[in-house]
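In TrEMBL this protein carries:
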ACT_SITE  CYS266  active site, nucleophile
BINDING   ASP30, LYS35, THR86, THR121, GLU158, LYS269, ARG334  NAD(+) binding site
BINDING   PHE155, LEU156, LYS157, GLU158, LYS210, PHE255, ILE256, TYR257, PRO258, GLY259, GLY263, LYS327  substrate binding site
DOMAIN    320-424  domain 'UDP-glucose/GDP-mannose dehydrogenase C-terminal'
Amino acid sequence: MKVTVFGIGYVGLVQAAVLAEVGHDVMCIDVDEKKVENLKKGNIPIFEPGLTPLVQQNYAAGRLHFTTDAQAGVAHGTIQFIAVGTPPDEDGSADLKYVTAVARTIAEYMTDRKVVIDKSTVPVGTADKVREVMAETLQKRGSAIPFDVVSNPEFLKEGAAVADCMRPERIVIGTDNKEVIEPLRELYEPFNRNHDRMILMDIRSAELTKYAANCMLATKISFMNEISNLAEMLGADIEKVRQGIGSDSRIGYHFIYPGCGYGGSCFPKDVQALIRTAEHIGYQPKLLQAVEQVNAQQKYKLTEFIKQHFGHDVKGKTFALWGLAFKPNTDDMREASSRVLMETLWELGAVVQAYDPEAMNEAQRIYGQRTDLKLMGTKEAALQDADALVICTEWQNFRAPDFDVMKKVLKQPVIFDGRNLFDPERMQARGFTYYGIGRGASIKPVI
Ligand code: UDX
């Protein structure tokens with residue numbers, strides 16, 4: 001099938017690449033000329049496992065095209081994806097200016113029937129807005145070409161985006177016109193394996209499903225972080241509690257890992273956007289507000305431990321930091337816990353020696369040259385003469401370090417672990433003072 005994708009960001013590029021991979025003819029449109037030129041040369045703007053060969057091979061095979069020519073894009077696909085960004089505006093609501101601009105462009109140039117698919121994460125009611133903008137634009141042209149607007153949210157995870165798109169757990173389709181179901185079945189047929197993964201619903205339910213999924217996941221994390229704070233005060237080990245509750249099939253083991261807070265481009269933005277939507281319609285979303293507050297507070301957890309250990313004066317101390325990305329297998333530092341940690345340590349006058357397998361350039365881009373941030377080439381180099389080690393991201397190669405070398409090069413054998421990578425008892429036996437989240441030296445029973 002002929003498909004057009006507007007917006008070559010994370011969602012758009014991955015979706016386009018996997019659609020091309022199964023044989024569809026996909027044209028990607030972006031306003032950023034440099035990005036388009038780079039993609040044609042095979043330079044992928046994001047780090048995502050498996051994406052580079054997928055894009056290069058499908059581009060070479062002529063199934064994936066990149067252009068800034070919006071008119072050509074509209075002419076190309078019967079199916080037109082809107083996958084542009086919806087950044088938060090000043091009050092945290094999703095800003096829809098890019099989405100409506102694409103809607104206008106499609107209506108401006110279309111000469112035959114189109115199925116317009118909202119792939120971006122957009123607030124409930126956006127499909128109606130897209131429809132309105134398109135109808136207005138067509139009317140101005142004196143045209144009455146029919147079109148459909150469908151909500152088909154994306155559920156991919158960074159670091160596993162290609163796999164998630166290739167083998168989706170569900171394909172949510174929100175539509176008010178049964179006629180579009182068939183072309184969408186054809187489009188997604190190659191991904192709809194083993195059993196029918198298409199979940200059909202009305203448009204508003206599909207729009208809300210995306211927010212509800214992310215907010216539910218964020219809730220699980222904030223819930224566990226809250227229990228981990230209680231575990232510290234009650235003298236319990238959160239990792240034991242996690243296993244104890246995860247074994248209940250109604251709760252399950254997934255997504256109940258306590259840590260130094262969730263980050264990334266989705267959870268913080270989507271929780272905030274749903275809160276704003278609720279407030280705009282006069283509803284106080286108390287649970288979502290708490291989810292956000294618990295997370296904001298949790299990002300200061302490691303600095304609290306540092307102050308607890310070293311006292312409030314850490315001026316002139318050097319902290320090794322392992323992990324800058326908001327999670328492993330990405331170079332994305334949006335809303336990463338490492339940023340709150342570094343910025344707080346800098347305010348206190350400390351120096352950070354950081355290492356991340358992928359996010360070093362991103363850290364350089366965000367913070368530039370500063371004397372209190374040293375970006376080190378290896379995880380071992382980051383430890384050199386540091387007063388303690390802090391861990392913010394659970395990269396696989398942080399899990400089995402050489403503890404003897406570590407003890408030798410650190411000034412003091414102290415670890416503040418925001419991802420609970422190690423066993424507190426074994427760390428103690430190895431001679432470390434080990435702070436975990438809800439465990440280890442962090443446990444300070446108050447009763
Ligand atoms: C998320 C959703 O998982 C995905 O379905 C949606 O489409 C986009 O948002 P992503 O932001 O890529 O994906 O990352 P995810 O793997 O969900 O992790 C988000 C954050 O939660 C990370 O900072 C991670 O460290 C944290 N996390 C995750 C926890 O603290 N504990 C957990 O148990 C799981």
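Cβ coordinates are placed from backbone N, Cα and C, and glycine is handled just like the others.
Shown here: features listed in TrEMBL, placed on the structure.
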residue: ASP30; record: NAD(+) binding site; contacts (Cβ under 8 Å, 6+ apart): PHE6, GLY7, ILE8, GLY12, VAL36, PHE66, THR68
residue: THR86; record: NAD(+) binding site; contacts (Cβ under 8 Å, 6+ apart): ALA94, ASP95, LEU96, TYR98, VAL99, SER120, THR121, VAL122, ALA273
residue: PHE155; record: substrate binding site; contacts (Cβ under 8 Å, 6+ apart): ASP164, PRO168, GLU169, ARG170, VAL172, LYS210, ALA213
residue: LYS157; record: substrate binding site; contacts (Cβ under 8 Å, 6+ apart): ASP164
residue: GLU158; record: NAD(+) binding site; contacts (Cβ under 8 Å, 6+ apart): TYR10, GLU48, GLY264, SER265, LYS327, ASN329, THR330, ASP332
residue: ILE256; record: substrate binding site; contacts (Cβ under 8 Å, 6+ apart): LYS220, ILE221, PHE223, MET224, ARG242, ILE245, GLY246
residue: PRO258; record: substrate binding site; contacts (Cβ under 8 Å, 6+ apart): ILE221, MET224, ASN225, ILE227, SER228, ILE238, ARG242, ASN420, ILE437, GLY438
residue: CYS266; record: active site, nucleophile; contacts (Cβ under 8 Å, 6+ apart): THR121, ASN214
residue: LYS269; record: NAD(+) binding site; contacts (Cβ under 8 Å, 6+ apart): PRO87, PRO88, GLY92, ALA94, THR121, GLU335
residue: ARG334; record: NAD(+) binding site; contacts (Cβ under 8 Å, 6+ apart): GLY263, GLY264, SER265, PHE326
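Cβ neighbour count for LYS210 (substrate binding site): 26 (other Cβ atoms within 10 Å of its Cβ, all protein chains included). Per DSSP, the domain 'UDP-glucose/GDP-mannose dehydrogenase C-terminal' (320-424) is made up of 35 helix, 19 strand, 51 coil.
Only GLU158, GLY263, in sequence order, out of the binding-site residues GLU158, PRO258, GLY263, LYS269 have a CB under 6 Å from ligand 1. Summarised as a single figure, the pLDDT of the domain 'UDP-glucose/GDP-mannose dehydrogenase C-terminal' (320-424) averages 97. Each of the binding-site residues LYS35, THR121, GLY263 was scored by the number of other CB atoms within 10 A of its CB, and the lowest score belongs to LYS35.
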